[in-house]
Amino acid sequence: MTDNRKTGKALRLLLVSLLCAIAAWLGYAVLGLSLSHVGLGQLVGANLEASGVSHPVTAVLLNFRGYDTLLEMGVLLVALLGVWSLGGMPDYDESSPGPVLDILSRLLIPMLMLVAGYLLWVGAHAPGGAFQAGSVLGAAGVLMMLAGWRLDSRFAGLLLRVVMVSGLGVFVMVSTAMLLIGNGFLEFSPPMAGELILLIEAVATMSIGATLAALFLGSRPAVGPDK
Amino acid sequence: MTGDIVGIPWIVVLIVLPLTGGMACFLFPTISKSLGLIFALAIFTAVVGLGWQLVEQGAQRYAIGGWGASLGIDLYADGLSLLMLVTAALVGLGVSVYSGAYFSREKAKHFWPLWLLLWAALNALFLSADIFNLYVTLELLGLAAVALIALADGADALNSAMRYLLVSLLGSLFYLLGVALLYHSFGSLDIAILAQRMEPTPAVWSAVGLMSAGLLLKTALFPMHFWLPAAHACAPAPVSALLSALVVKASFYILLRLWLEVFALTDTSLGQLLGLLGATAVLWGGIQALRQTRLKLLIAYSTVAQLGYLFLAFPLGTNIAWKGACYMLLSHAIAKAAMFMAAGNILRFCGHDRIADLDRIAQRLPLTLTAFALAGVSIMGLPPSGGFIGKWLLLEASMSAGQWWWAVILILGGLLAAAYFFRVIGYAFTRAGLTHEVGVVPARMEWAALVLALAAILLGFISPAALELMGIGTPFGGERAG
Amino acid sequence: MSGVFLYALLGVGLFVLGLYALIIHAHLLRKILAINVMGTGVFLVLVALAAGNPDAPPDPVPHAMVITGIVVAVSATALALILMLKVSVATGKNHLSDSTRD
Amino acid sequence: MLHWAFDSLLGLSLLWLAWRALTSPDLFKAIVLFISFGLLMSLAWVRLGAPDVALAEAAIGAGLTGALLLAALARLESIGEAGRQKGSIGETGAHDR
Amino acid sequence: MNWETALPLLIVLSSLIPGLIIFFLAEKQVVARITLNMAAALIKLALVGVMLWGVFHGHHYEIRLPFLPGLDLVLRADPLSMLFVTLSASLWLATTVYAIGYLEDSPNRSRFFGFFSLCVTATVGLALAGNLLTFVLFYELLTLTTYPLVVHRGTEVARLAGRKYLIYTVGGGALLLLATVWLYTLAGTLEFTARGFLSGLDAVHYPALIIIFVLLIAGLGVKAALIPFHGWLPQAMVAPAPVSALLHAVAVVKAGAFGIVRVVYDVFGIEFAASLGVTLPLAILASATIIYGSLRALFQDDLKRRLAFSTVSQVSYIVLGVAVAGPIATIGGLVHLVHQGVQKITLFFCAGILAETLGIHKISEMNGVGRRMPWTMAAFTIGAFGMIGAPPLAGFISKWYLGLGALDAGQNWVIFILAASSLLNAAYFLPILYRAWFKAPPASWPDERSFGKRETAWALLAPAVITAALTLGLGLLASMPYSPLEWVRFITEQEYAP
Amino acid sequence: MSNIVNIFLLLLAPGLPLLLAIPALRRRVPWPAHLALLPTIVLLFLPGSFSVELPWILWGNAGMGIDTGARWWLAISVVIWAASASCLQTPDRRGAGNRLTTLFLLTLVGQIGGILATDMVSFFTFMTLMGYAFIGLLIDGGDEKTRRAGRIYLVLLILADIALFEALLIAARSTDDLGYEAVALAIPPSPSSALYLSMVIAGFALKAGFWPLHVWLPLAYGSARPAVALLLWVVPVGTGLFGAVRWLPLGELSAPIAGTLLQALGVAGILYALLFKVMRAQWKQLPAHTAIIAVGMFAMGLGTGLLDPAVWNQYGHLVPVFVAAVGLALAIMIAAFVWLEKREVFPSESDREALWLERWAKDIIRWGRRAGGDTLPELCALWLARWDSFWQAFTWQELFDAGEYLLQRWELAITLFLLLGMVSVALLWLDATSVL
């Protein structure tokens, strides 16, 4: 027993020293970076005009590197699918929330929705955007669920799935549509780029919000082995 | 007409199709089975289309959004990508056919969207020319794979899915840190541009180390294979097939790309290390496989061993060695998929997969056993299978490089593989002590496994063409490149 | 300028700290936390170095990358947490057990 | 100089929070510490001129992840209790605080 | 694709395709299976006949299939390959008839005959292989297709025997592969060329070449059952008798021996091999195997095991003939390839008949069996005397040329080996004959089956009698045109042409 | 025309008995054993020497023919064969009659073919057939003593065949044509002539029962059935002698050592038979000892021929006559004894005397057993007990117990001894030819 502990201690010591060495090396490597040639900042700035939005981060997220974002929507969808496949739809039996939360949620939820809308809209030229908006929306959903709100089972079928998928779906559709009208994939022509991005962002916000809320909900499986 | 076909941006189609398919299957679960098959066929066709395009026009670069690297993201397809895509398409088609009969209605509902999204991730990964984009695809792939493993009920499956998730995330983070370092060193994420700007600095070495470590973890190279056997053995049979055939290969592909293009290292001590690890994997995996009493675990350890082969090309670094490793990869993918499917059939038939109690499978499930045996032939590297071609090329490379010890490892690995596979086949002929209840195996599942196994054998006969296709865009450097 | 490296080093520190915690803790929830800390460390390295040039506005590309990364992280965390719960239900343990060997 | 001090302080608190979050014996405390870590982190993002990231971190990294973690912990504990009540599962690590 | 390209392929396909079809036949479709089997065997024989004629008249049959960069799969008919192909095709026919009789009413016949055909396919392919790569391919294929035949019975003993068989043969295959690759990296080609393709190599590579030679011989020696690689052969006797017959007479063992012939003549070239100094050790190894196999055979009571050790001994004659390195010895070695095949298959046929008809497996059970089954034992007697090398049977011819060749090459010690071997052969075969013919039969046989008036089923007896007659004919009419001996002379003239 | 008849008859002489040897073919033939002799008898009355080349057979230069020497020998053979065939027609006692006839006919084929053969290989072939068939004839239905004789003779025969095979190889190395005369001419200048001579002498000595290899003869004479006893001289002994004359390059070569050795053997044989056997007055053994004496005399003659070619050239042609005469005499003697025995003149006696060859072999086995079988296994058991099944297969005990037949055991002993002998001969020879 003591031997075990001793070897455990020795191993831990070894691990710590190893990790320290790694940290030191990484730190050395980071410090050795010369930051004189900055990344793509200038390039982004130069092409910002053509992107359809004025905020560089949004431009990168939805235009220059929109493909990353598209796949990222896919990641979200896969996470949701994974969660659902593990437990299926969550149970509806939940203890009622306390009165404070109830009141708080009544107050907070509309505000959060407003914030989300604002973030989405402002994203085109200032910090903000679909993900932030979506997550705020998601937070609203979480709050609602904490307050005991549940999705009506009538909407839990195809409609819900459509909402979940819509973010990715619209993104793919729009990008492919560009292909069909003669542009490249995901190539938004400047005149309509702004509108298209807004469309994508709007749908994405809704979808992200729903997905995040569903992820939260899905993390509450029924107790006991479910078959 | 030909021009039309060649003109289609197959690269994009290959990514959009499975994504759409995944979404469609998600939206319409009742018809997901047929949808899935249709999309599988469509993807297969698209791969053929891309292949045609590559043959006609050479390596393809596609700037998404029209921006082009390094502002935007480029897609790039050359022989190596094509190889991976074809691998995925062949295995994917097989798995799709097989899964149509394998899963219950309830499971199928979850399986199809996840599988098609996983396929999308694979295709995106094989076509990406951007190291951050590769990270996203890796994550997509990893999460989808985890969810698929967890489709199998039971504590073991969940356990291994969890472990796999952690490993996968960890590997991705290592990779991402490497990406961060590379980006800040050279200000670009595009592989080609990075390759141009490459210079050895501490940061680059750190990136090499981090990315390699992360990817090796995901590829399950010995000694980082600890998560693999359980995960691959516990998953549902078609998922095991996917994992062993494709998912681990994806991270290997990235490593290969980086190694071949970005890092283009002349100092091969790291390559020697990888080779050494690969050799150890071959032997260790083989010995472990030999010790297993359960079929699926045996196959999973066999994967550990086979992955080791792929790394034997690193210390050699010649064109022919890379091609050998890639051929090995291709044939292993197909053969291993067939083998896992066969194991799935056996599992369903016997209700267990204890090797010693296989109880005359040879008589009672001949097609499946044939599939297993044929796949085994390829894995053992016996002629005229695809595995043989890979092995031959690697052997040739190691002998001409004068590094005969790798040849010895290759040979020993083949012997070990023969030892563990024939153990199974031997028991398939004998009568077990106790008889078992017999489950029904749909013919479709048997044939899917058999056809894939046959494909693994036939790969041996198309190697000149295949090697030529692989060489489009010279991903492995010139013929004489040392 | 120096702040940049400070944060970058902090990122490295968080990364290694997370790694350490990931290795030594058996509890799955802690492992998930550790992974998240590691991720934050990596993001920090990415973003900190993007602000390298005090005269120019920071490079937006790493920012976008990090946002993507954060979303990926939360998706993975959600999946990991539910998987953890399922493991706990199935095995009664909240750490991984090695049961594949007969 | 002030920036320096602020950055250092922020950095040290982040490191300390992370350390505490990862080592605290009480899981609930650990999660709360992690949420605070996330919130402080968004401050750091702002300091680094990345308000977008800060927003995302606050909303997603700290907020949603925190909620997910807390919910998970709650379920974990109830699973542990259920297991104990059933008596079938003796060893449980849900309460290793 | 013209006739001359197609023929080698057709010969291979003529057993491959029927074999594959047979797998899918139901157990009950006896007639279809028999028809298919016989038709395939006859067609193959006919095709081989055509090719034999063609090769003799200087036609060049070759087909190439690109397989690896710079390496093709080549099927080519040269006189040497025709020797082996003809042997395989004819004995396949005989064995098929025999197997049909033997496996009457036993389970899994479709599987059996399927693999049986594949096994012959591999053998024929191996014979026609035009380069070492193709040879390796079919060599491995042979391993794979014979394994199911060895474990066919599905008993634990069969499984263990199969395992042993595999350990040896797969190991051998691995060595062969290694050597082949190495050779390829050194020489840049693997094409079988009369008198070898290595003599032009730089002397720096000679040590490597010697190692390669050793590896090749070890790899091939496993199948040829050279000591110390012979261990699998007696174990593999658990297989049904037709399999043993095929294994010993035609397929596996011969494949190894044939491979050694190829390596020595068409890879290294005999003169070059001799100049490397590798032939003498090979000859000594072969001699040791000859003596050892015979000594072990003396002490086996199990009939098939005794025959198996006899095979160990006899196959090495071929190797010896090759290793002695002279034209006459070559004739002896090569002709033994055929002669041993015919003789040994006769013996195995007879052993199978005894087991099947009377349930006799041991020599000690064979008292007086000649009275019960005169035809069978007559065939056995001819086969045994052939093995001993009594004139005018086939074995005598081989032994004659071996001895003469050894003298010719100045390796006089070889004739003592031959003498000792004859002696030992007599020592383990004659007691069997003595028992069978001159001892009183027991009151009842271990497990007798009745075949009415006949001593056994005609399908079993006919092949044995025919091969016994062949044993006599091949010896007595050795100088007839197209006889193996004449053909071997034809080969040797080419190999040693000035 | 006459030529075709000649050839036909030459082929038919061994061919007809061969055909009749197949039981199915003679089922309806009356008196098959006599019928088989018919072509040979006709052949005897054809005038002149003639021969036929047989293409395709063996390696092409086989042939058959008849000349004066052969005719003598053939004539006497036919007489004795006819007598024996008459004895054969006894009622079938043990159901073996059919097989006995087959063996009888096969022996006949071998003997007649051997006489008619014009080259060494054909002769060797026929002689082998004759030898093995004769052993079958000897032991078929015989008692224990006959079988013992048969077994001993079998071993001697195998050894003889090996020796003759070597001799053949040497001859073939010296000349392409293996006709007797060609060989006789080619051997003397050959460097291997000494080896050839020794091999031939050894071979035929073994076959014909030269002293001291005669042991089986008395046994066989003592116990074989009359039909076989009649053949004992003509078949194994006579053919051996006949062969020796043909194979040795008599008259072409002077070989003092071999000649002297042969003479010594001959004298020793004669003396042995006279002193130790005939003096004991075992009447029933008389033919055997007569045969030994005759063989001894023949050996003396051969020795003389080898010593002095000129003598042979002068008197060599008498040899067949001599052999024939002895054969006839012995046949008559046996016939007489058979007749006498039928009238129970001789008390039946069992010859319990142990044969030196067998005794010697048994001793070897006994020593080997004592050394290996008793001590080694104990040691093995002590040391290797753990390695049970694997090693046990290789212990000496196992090795000896596995061979359950006496025959097999002493063949092994002889084999080992012979191998030893061969090695020493080889060494001597290699030394002599200064290869080493």
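Yeah, the Cβs are placed from backbone N, Cα and C, and that goes for glycine too.
As annotated by TrEMBL, transmembrane segment applies to E:6-26, E:38-60, E:80-100, E:112-130, E:165-184, E:204-226, E:238-260, E:272-295, E:315-339, E:375-401, E:413-437, E:458-480. According to TrEMBL, the domain 'NADH-Ubiquinone oxidoreductase (complex I) chain 5 N-terminal' annotation covers E:72-113. TrEMBL lists E:129-422 with the feature domain 'NADH:quinone oxidoreductase/Mrp antiporter transmembrane'.
Averaged across the domain 'NADH-Ubiquinone oxidoreductase (complex I) chain 5 N-terminal' (E:72-113), the predicted model reaches a pLDDT of 88. With a cut-off of 8 Å on Cβ pairs spaced 6 or more residues apart, the transmembrane segment (E:112-130) and the transmembrane segment (E:165-184) reach fewer than 3 such pairs and are scored as not touching. With a cut-off of 8 Å between Cβ atoms, the residues of this chain six or more beyond the transmembrane segment (E:458-480) that come close are 91, 94-95, 97-98, 100-102, 338-339, 342-343, 345-346, 349-350, 352-353, 356-357, 375-376, 378-380, 382-383, 386, 391-397, 486.
Away from its own ends, the transmembrane segment (E:80-100) comes close to residues 11, 15, 34, 37-38, 41-42, 44-45, 48, 51-52, 55, 112-113, 116, 120, 123-124, 126-129, 240-242, 245-246, 249-251, 254, 258, 261-262, 265-266, 334, 337-338, 341-342, 345, 349, 352, 459-460, 462-464, 466-467, 484, 487-488, 491 of its chain (Cβ-Cβ under 8 Å, at least six residues beyond either end). Secondary structure by DSSP for the domain 'NADH-Ubiquinone oxidoreductase (complex I) chain 5 N-terminal' (E:72-113): 29 helix, 6 strand, 7 coil. Counted over residue pairs separated by six or more positions, the transmembrane segment (E:238-260) shares at least 3 Cβ pairs under 8 angstroms with the transmembrane segment (E:315-339), which defines the two as touching. Between the transmembrane segment (E:272-295) and the transmembrane segment (E:375-401), fewer than three CB pairs separated by 6 or more residues in sequence fall under 8 Å, so the two stretches do not touch. Away from its own ends, the transmembrane segment (E:204-226) comes close to residues 139, 142, 168-169, 171-180, 182-183, 186, 198, 232-233, 252-253, 255-257, 259-260, 263, 267-268, 273, 276-278, 282, 285-286, 289, 293, 311-312, 315-316, 318-319 of its chain (Cβ-Cβ under 8 Å, at least six residues beyond either end). With pairs at least 6 apart in sequence, the transmembrane segment (E:6-26) and the transmembrane segment (E:38-60) have 3 or more Cβ pairs within the 8 Å limit; the two touch. Beyond the ends of the transmembrane segment (E:413-437), by six or more residues, the same chain brings 283, 287, 290-291, 294-295, 297-298, 300, 303, 306, 310, 313, 317, 320, 324, 329, 363, 366-370, 377, 380-381, 384-385, 387-389, 399, 402-403, 406-407 to within a C-beta distance below 8 angstroms of the stretch.
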